[in-house]
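See structure below.
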Amino acid sequence: QPQQKDYDDLCSLPDLNEKTLLENLRNRFKQEKIYTYVGSILIVINPFKFLPIYNPKYVKMYDNHQLGKLEPHIYAVADVAYHTMLQRRKNQCIVISGESGSGKTQSTNFLIHHLTA
């Protein structure tokens with residue numbers, strides 16, 4: 001079976017339906033790409049293991065960039081909220097939602113890590 005192209009933004013799927021959406025998320029997860037955008041929304045699939053994508057190199061890489069220019073990442077969302085707050089001089093809010101055990105606390109820790117860096 002040929003390798004399917006994966007889309008880092010589900011809005012880019014040529015045929016958007018439940019099947020293609022789930023297949024795309026599954027394909028990305030198998031490649032340890034746990035982050036996927038839906039426009040400006042970030043979907044995270046908990047890998048239940050540590051991935052080496054939370055170090056100073058990634059903090060710097062996602063610093064002051066436009067959302068969607070790099071691979072989806074929690075740091076991208078944190079950075080966009082931070083720079084929007086500075087630019088507009090208005091508070092920003094990031095909503096983290098999910099089932100019990102889905103990784104909400106860990107995602108919050110990664111957000112805070114990026115903001116404090």
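Glycine is treated like the rest: Cβ placed from N, Cα and C.
Any TrEMBL annotation is an automated prediction that lacks curation.
Other C-beta atoms found within 10 angstroms of the C-beta of E99 (ATP binding site) number 8, with every protein chain shown included. Per TrEMBL, ATP binding site is recorded for G98, E99, S100, G101, S102, G103, K104, T105.
Positions annotated as domain 'Myosin motor' by TrEMBL: 5-117.
Distant neighbours of the transmembrane segment (34-51): 7-11, 24-25, 28, 67-68, 71-74, 76-77, 80, 98, 101-103, 106-107; these residues of the same chain sit at least 6 beyond its ends, with a Cβ under 8 Å from one of its Cβ atoms. Here TrEMBL flags 34-51 as transmembrane segment.
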Identify, among the binding-site residues S100, S102, T105, the residue whose Cβ has the fewest other Cβ atoms within 10 Å in this structure. S100
Local Cβ density at G101 (ATP binding site) - other Cβ atoms counted within 10 Å: 9
Of all the binding-site residues here, G98, G103, which one's CB has the most other CB atoms within 10 A? G103
